[in-house]
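Asker: Pulled these features from Swiss-Prot for this protein:
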type	residues	note
ACT_SITE	23	active site
BINDING	26, 54, 55, 56, 74, 97, 145, 146, 147	ATP binding site
BINDING	57, 97, 233	Mg(2+) binding site
SITE	26	site 'Important for catalytic activity'
């Protein structure tokens, strides 16, 4: 199957049919905490190894002493105008949660909301085909799904995966002294906002798209390194938000080398033009109290919501060389962006 975008009529731009875009649609961490607070008695299952206590990327259920099942779902509104590309990005983003736990996907089902009276069904078909393309690249079937008539376009997947329990990685199990690595550059929110504001130059139109369509398959191999102590993906809460989850879960402080954080090409140029998504401000409002004092420039980068972002890896010093060799072999530039240490201040992240 070709992954060439479908040609849309000039009058139809998917991003104009949604109030948010990609993982920037996420409900803020502060509001989400209110939603998830339950008055019901706690029901426990000893076989549920990972639930929502640590805001991890997926749930993990123990089948036996060796194998676990991973379950996750993710969906959002259009982040690009092309329907095929939108579907491909949304599916890639959902599948990557499986890799972020150290597992491999085995099947997916689609979630589709579509404004039937506003947009032709043929465009929805292209969205679903984009999802199929991502599933094919991950080696799995799009096995079914569910659709509703909705006021705005929505697409995503519920994905099932499997994992050898010895390889299971979580976001709250980092250790003091771990080094931090990021497998994709930051800046997707900035570039996609530039597109929505009609400031994105044609020659830059594929920078964010290519990053968002890259599956995090490397996660399943990273997880086999015993010295990798924690793993998560960087999505809607931005690098700072997902790093905070890692730090708070392990009671550690991150010493973040801000100047080492990799950025997508042209991200700084569009940031200078004021291309800051609303999700950036919501993110900072939600967790800024746990960060050091930041300039507006630093906020715009560290809190930039990523869609189908990369993996954040916490690796021991002893296993760092093994991780670097693996990243190099898979054409991922290994850049250490910081380390994890014993807390010395109220902030969970400090810049160095």
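Backbone N, Cα and C atoms are what each Cβ position is placed from, and that goes for glycine too.
Keep in mind that this is a model prediction, so the values were computed, not measured.
Situate these features within the shown structure.
Answerer: Its Cβ taken as reference, residue 97 (Mg(2+) binding site) is surrounded by 27 other Cβ atoms within 10 Å in the chains shown.
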Asker: Given the binding-site residues 74, 145, 147, state which is nearest to residue 233 (Mg(2+) binding site) when distance is taken between Cα atoms.
Answerer: 74
Asker: Of the binding-site residues 74, 145, 147, which one sits closest to residue 97 (Mg(2+) binding site) when you measure Cα to Cα?
Answerer: 74
Asker: What same-chain residues, at least 6 away in sequence, bring their CB to under 8 Å of the CB of residue 147 (ATP binding site)?
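Answerer: In sequence order, the residues whose Cβ lies under 8 Å from that of residue 147 (ATP binding site) (at least 6 apart) are 110, 111, 112, 113, 114, 124.
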Asker: Please report the three-state DSSP label of residue 147 (ATP binding site).
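Answerer: Residue 147 (ATP binding site) sits in a strand per DSSP.
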Asker: Counting other CB atoms within 10 A of each CB, which of the binding-site residues 74, 145, 233 comes out lowest?
Answerer: 145
